[in-house]
Amino acid sequence: MVSSTSTSAMIPLFLYFILMTLIANTYAKTCTTQTLTDASNNNILYANCMDLPKLNAFLHWTHNASNSTLSVAFVVTPPFPGGWVSWAINPTRTGMVGAQSLVAYKGDSGVVTVFPLNIQSYTMTSRNLTIDTWNLRGEEDGGVIRIFVNIKVPENAVTLNQVWQVGPSVSAGRIDTHALAPENLSSKGPLNLDGSQSVVDGVDSRTKRKNIHGILNVVSWGFLFPLGVVIARYMRIFPCADPTWFYLHVGCQMSAYVIGVAGWITGLKLGSESKDIVYSVHRNIGIAIFCFCTIQMFALFLRPNKDHKYRVFWNVYHHSFVYTIIILGIINIFKGFDILNPVEKWKSSYIGVISVLAIIAVFLEVITWIVVLKRKSNTKEQQ
Ligand code: HEM
Ligand SMILES: *[C@@H]1O[C@H](CO)[C@@H](O)[C@H](O)[C@H]1NC(C)=O
Ligand SMILES: *[C@@H]1O[C@H](CO)[C@@H](O)[C@H](O)[C@H]1NC(C)=O
Ligand SMILES: *[C@@H]1O[C@H](CO)[C@@H](O)[C@H](O)[C@H]1NC(C)=O
Ligand SMILES: *[C@@H]1O[C@H](CO)[C@@H](O)[C@H](O)[C@H]1NC(C)=O
């Protein structure tokens, strides 16, 4: 029994570490943790962002197709405090030559200087861009430089060539050549205006985190928690399953709680990132589930003894909370499906899993009644 106790205690611990690593990794270094608003557009959040694949740079943008305006915020840390940073659109080709750039650096006075730079060749530049730009602005915060700009883009534009770079220093107002390391030579690529390409491995990082949030909550409230209840309700009537059922039950509920809390935190995080869209029902049910479940965990310590006269009240309370949590959990999972709108097969798979669990529960409920009736008639016969 010792081994079974320690195993059931190890499972939640192990899951906890895996989940924390998963969450820490997905939240590190992504543009979605930078909530940048567009001062040129009523201070609303930029519609899209992407983690640029080189030089640890980030791009936030909103494309308004009806007036052919692209509003951009470029975020990057220069290699040295006095270094320059630059982001550009190249209307004619890929790469640096032809790039219509915007360059920024923090001068000795602490003021951020930002100016346009038309890179006609590797050696020839001018301050006259071939594209229309306005609202050009730069700022610096804790070493990070941000360039904000509005750009007129061609009508019906879908993809633009973008180029970005960081350089070591600025001498007498002229930027010094950047390094030619592989990273510095591959800092260029397409910019899909509709945001479809914040795509890393097929899914953009925000959707990825939404999926993690969904999986955590489905596994915990939608599966482990009801499974633990089924185990507690039906396994314990079999004397041979005692006390295994108890350890399985506690293992399930503790894992469900740990995973569920992780899912809840990812949910709060996602919610705090999108201030303009609030799914209040989904959010409030989520908070209620968390509160009920936390009360439930503490109530375990206040449980009266098996034959205490108040035990029956405790049982009524315990069971009503458990069923409330299961029902709210499943409702919220379907609310989440509606928000995330995953491929239909995920929803159907979950419906399949939960139905199988429900069928097993009904089946065991019947068996339980039969066993209980048999026991009663046996005791009668013996009398
Ligand atoms: C003083 C100004 C600059 C000088 C002298 C300079 C010089 C160079 C040279 C010589 C190369 C070619 C390396 C090679 O092909 O072996 C290069 C590549 C590159 N530069 Fe610059 N550069 C300057 C400013 C910029 C700026 C402002 C940007 C950002 C918009 C930029 C982005 C790039 C990129 C992405 C590449 C690699 C892709 C390509 O070759 O087109 N450079 N640079
Ligand atoms: C187009 O609309 C955006 C707001 O969506 C505004 O920021 C931008 O300045 C407008 N562009 C022009 C050319 O008026
Ligand atoms: C795009 O620009 C037009 C014209 O300036 C404006 O009426 C519209 O509200 C803008 N759309 C968005 C999504 O900002
Ligand atoms: C930049 O454009 C302005 C006006 O459009 C023009 O007067 C000036 O000569 C141009 N400068 C260069 C370096 O092309
Ligand atoms: C890119 O260029 C900057 C400045 O020239 C340099 O400090 C940095 O190390 C380069 N990046 C890489 C990955 O070498």
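Each Cβ is built from the backbone N, Cα and C atoms, and glycine gets one as well.
TrEMBL annotations: computationally assigned, not manually curated.
Taken from TrEMBL, the feature signal peptide applies to 1-28. If you look up TrEMBL, you'll see 55-167 marked as domain 'DOMON'. The domain 'Cytochrome b561' feature in TrEMBL is assigned to 174-373. As annotated by TrEMBL, transmembrane segment applies to 214-234, 285-302, 314-337, 349-373.
Most Cβ pairs within less than 8 Å of the transmembrane segment (214-234), among stretches 285-302, 314-337, 349-373, belong to 314-337.
The average pLDDT computed over the domain 'DOMON' (55-167) stands at 95. Taken residue by residue, the domain 'DOMON' (55-167) breaks down under DSSP into 3 helix, 66 strand, 44 coil.
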